[in-house]
Amino acid sequence: MHHASFSPIPKAAAGSVLAAGCVSTLVLVKPDAVQRRLVGDVIGRFERRGFKLVAMKLLQADRGLLDQHYQHLQQKPFYPALLAYMTSGPLVAMVWEGYNVVRSTRAMVGDTDSAKAAAGTIRGDLSMHVSRNVVHASDSVETALKEIGFWFQRDELVAWECGDSQYTYGP
């Protein structure tokens with residue numbers, strides 16, 4: 001089981017176009033999307049948006065990890081079904097970095113209920129049912145830091161300079 005607190009990897013050097021507002025977020029590609037071979041599509045959307053992938057792994061989540069991640073949902077009547085779903089196959093855990101990445105990711109992902117998710121969002125385009133909604137994305141910077149700590153060890157995050165930052169974010 002991973003630690004509950006997380007310190008983000010060092011950000012771009014002072015004066016860099018990314019220095020202000022650059023944060024990290026957790027995105028999980030859920031088992032339904034892995035089974036449907038949608039991982040590349042999801043990754044492509046984040047890359048095309050200009051975000052930088054700093055960690056990724058394919059894993060079979062266990063109950064302990066999911067209990068940490070979904071602690072706020074454990075008393076809900078649907079929790080056993082959620083656990084069964086999230087342990088039904090492998091998932092992909094990713095950490096993305098970029099300017100306002102948490103807020104932008106939430107907009108890209110769309111409404112939890114696929115019937116309400118706008119066309120053009122990940123869920124609006126790829127999800128067919130609220131219980132199989134393709135991805136999870138952190139809902140705040142604070143939650144992102146906590147969730148990244150559940151899914152990744154500090155040394156699993158790679159600090160690297162993206163060569164297109166000046167074109168993505170401007171001067």
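A Cβ is built for glycine as well, from the same backbone N, Cα and C atoms used for every other residue.
Quantities reported herein were computed from a predicted structural model and do not represent experimental measurements.
TrEMBL has this to say about the protein:
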DOMAIN    25-159  domain 'Nucleoside diphosphate kinase-like'
BINDING   Lys30, Phe78, Arg106, Thr112, Arg123, Asn133  ATP binding site
ACT_SITE  His136  active site, pros-phosphohistidine intermediate
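Helix, strand and coil counts from DSSP across the domain 'Nucleoside diphosphate kinase-like' (25-159) read 62 helix, 27 strand, 46 coil. Within the set of binding-site residues (Thr112, Asn133), the lowest number of other Cβ atoms found within 10 Å of a Cβ is recorded at Thr112.
Counting only same-chain residues at least 6 apart in sequence, those with a Cβ under 8 Å from the Cβ of Phe78 (ATP binding site) are Ser131.
Largest CA to CA distance in the ATP binding set (Lys30, Phe78, Arg106, Thr112, Arg123, Asn133): 23 Å, whole number.
Around Arg123 (ATP binding site), the C-beta neighbours below 8 angstroms that are at least 6 residues distant in the chain are Val109, Gly110, Asp111, Thr112, Ser114, Ala117, Asn133, Val134, Val135. Lys30 (ATP binding site) sits 7 Å from the residue listed as 'active site, pros-phosphohistidine intermediate', taking the C-alpha atoms as the reference points.
Rounded to the nearest whole angstrom, the C-alpha distance between Arg106 (ATP binding site) and the residue listed as 'active site, pros-phosphohistidine intermediate' is 9.
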